[in-house]
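Feature annotations, reproduced from TrEMBL:
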- 6-122: domain 'Response regulatory' (DOMAIN)
- 149-214: domain 'HTH luxR-type' (DOMAIN)
- 57: 4-aspartylphosphate (MOD_RES)
């Protein structure tokens, strides 16, 4: 039997934090090892317990979730971070990605979605709440068309573009594999190749770069 994913929950809303901790506690393969009510205490807790995954709210007292994210990635780089927040502001998403977050979920996500998100990032993948992904896509579609960068577009194969289109819609590696009738390991290899070719560091960065540069057709 594999070891459970060790999780820390950091949120200043006590009822939400306690409720989430309780619900995650009954999820198979997940163990909540601590909770904190602000960013500063959250960082200290993560440093002392080195969990696999930490759930962070964006806006908290003493230290924001974004600031805590930066501090955690510097102190415990192996810990994966999911921003779990009410904020559907694209600026917060961009800052979270730049700061090292592996995931961004809204608080209206079901407990099943949160639990699956924890498992996904613990496995080294990235995720964006489907509603946020849809909102980003809609916003990018309304922007004036930027100049195309032919270099990166020419470097991506047709299969890599297919993978990127599906990832941009919020699909996990498993879902992409099912959609394209290929193995999950093959999807992971494609994602790794996409990052290398675009000289980016995370799957979320690749999605935002590709949509902004009109490298993929999301219609």
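Glycine residues also receive a Cβ, built from the backbone N, Cα and C atoms like all the rest.
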Residues that sit under 8 angstroms from residue 57 (4-aspartylphosphate) by C-beta distance, when 6+ apart in the chain: 10, 11, 12, 13, 65, 83, 84, 85
- prompt: In the domain 'Response regulatory' (6-122), how many residues does DSSP assign to helix, to strand and to coil?
  reply: 56 helix, 26 strand, 35 coil
- prompt: So what's the average pLDDT for the domain 'HTH luxR-type' (149-214)?
  reply: 79
